[in-house]
């Protein structure tokens, strides 16, 4: 509902003032403010659990605020559904894309509001209007293509174009670059700036500090459900924002490297996967106590390497040698028995059982080892190991019976890492281990990785964040179109060299 009362000064498109929201036993928002100007990109920052999502859901009509006022274009609003917000010019591009994969691009653009000709959908008009929006935003996608055939970055562009089609004045973007390459990120930023030029106010949520400083004009910081500050980006430093977010100063973004790589424990030679398109002739060594990064653009087949090592993908050629003995991992169970562990890229879909408790999620990869002599599960040992995961991984939780889906992304990731450590691996492979995790929790994950390397684990990390690879690894293997284009020493390499190698075989 849009009220005609309480006009705004006109300086802001959106003014959220004194917003309060409580859930049973929890005050999620405590007198929070957010003001967004036209022609601006406004960063909304805070650790996971700071209240960002709750605030935006109150704006978008998904939650009803307990008190406070929301002014949009000078009028007080009180939306009761996302549909109402969309129809009035507020749109949200979610981190989890809301597209129907089996339908065409233009079907997804106009779902629920198809243009009609008589009793039928006007396919020609739908195509023309979709194409016109794509042309204006420099999006090169066939409106008739099936969404399921597109890349994640292309799907992201469709979501933004969809918001554009509603003539949105406020566009909320939640971690829009989490699955994009640097080239795709730059294209996305071009589109976002076009929206800004048209007078839109963009609310931009990201844990990537470099993006915030590259793109945004102002920043609002929340902490523990409270408004901390709203300031122009021009007068801030990265350290100042981090201090506002976490309530303390983080003296460094990455832990000191104390690991000393030792002898070679893993030798991979000419590894080629069976599934096409595949990795081809991949060769590298991994040393005891070494952190080896894998860099590359989306489509470079970085994930294929660790999935082939872990037995998820079948290899067609090449050898894997562990401690001088040639092995074959035909499936995940064999890989686990050989001392491999894999923290997968998609934490929500393949990493956790969101509706089950921390205990189950901690033990599932090692559950066979908890059977006693008569075949029953040893509950005492299971409880003890779950508590070990919570304590050693420094998981913030009320207890082991807590549903893991209720934890922050950083704490979920700690449980997953702890789960694999219970299998006592020698080789720990982590695919995008800090994706969607706030800056404070990232540092804790980096500390855990550094501690494991110091204890002699061989660690392989895939990351799309260049500062992360340069900050925590010893060497970086660069992939390009399924081929190794180089292996560089982290101490002496540069971001430009890595990007050059990543483009070598395109």
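The backbone N, Cα and C atoms fix where each Cβ goes, and this holds for glycine too.
For reference, Swiss-Prot has these:
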- 46, 47, 48, 49, 50, 51, 52, 53: ATP binding site (BINDING)
- 14-249: domain 'ABC transporter 1' (DOMAIN)
- 264-506: domain 'ABC transporter 2' (DOMAIN)
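Structure coloured by features recorded in Swiss-Prot.
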residue : record           : Cβ neighbours (10 Å)
46      : ATP binding site : 26
47      : ATP binding site : 23
48      : ATP binding site : 18
49      : ATP binding site : 22
50      : ATP binding site : 25
51      : ATP binding site : 24
52      : ATP binding site : 24
53      : ATP binding site : 18
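Averaged over the domain 'ABC transporter 1' (14-249), the predicted model has a pLDDT of 89.
In the three-state DSSP scheme, residue 52 (ATP binding site) falls into the helix class. Within 8 Å of the centroid defined by the CB atoms of 46, 47, 48, 49, 50, 51, 52, 53, the record's ATP site, lie the Cβ atoms of 222, 438, excluding the listed residues themselves. In the three-state DSSP scheme, residue 46 (ATP binding site) is classed as coil.
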